[in-house]
Amino acid sequence: MASRAGPRAAGTDGSDFQHRERVAMHYQMSVTLKYEIKKLIYVHLVIWLLLVAKMSVGHLRLLSHDQVAMPYQWEYPYLLSILPSLLGLLSFPRNNISYLVLSMISMGLFSIAPLIYGSMEMFPAAQQLYRHGKAYRFLFGFSAVSIMYLVLVLAVQVHAWQLYYSKKLLDSWFTSTQEKKHK
């Protein structure tokens, strides 16, 4: 764009946008955290579906007990762990703080608590396996307690990160609502 003062008018070279075109940090964080939580929810869904498949095969006796062991007691309440994830997903479209808080509280009850109970329930079998080398439950020829401890460790990590990101998202949403109230 040419002008009488010279080849280009001041401020029209495209470098004047930086002071105007900025997305507030809490909005950027909100988008990033929602994406991370969604990824963790999908990983949780895969773990949950594998657990449902294992329990279904065990209860419906599709395979012998030598191939797939009967479920441990902690696996039944852990099936409810899908509810906090669904509440979390429902909270995203309109930044619903109450759904996110409910999701975090129910995650402790339906996800973390059964995993803690599961680690205590399987500990004697794991101790016997590693001291004496004897396993009594199997999953496709492998020790069921070893495989289930791996699943348990993975699930604890997924839920811990999910809680961490949910707390950060909640803080981000509170920041944006506080700024709206001050205006």
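Placement of Cβ uses the backbone N, Cα and C atoms for every residue, glycine included.
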Swiss-Prot annotation: Leu62 and Lys167 on one membrane face: no
DSSP helix/strand/coil residue counts for the topological domain 'Lumenal' (61-71): 0 helix, 1 strand, 10 coil
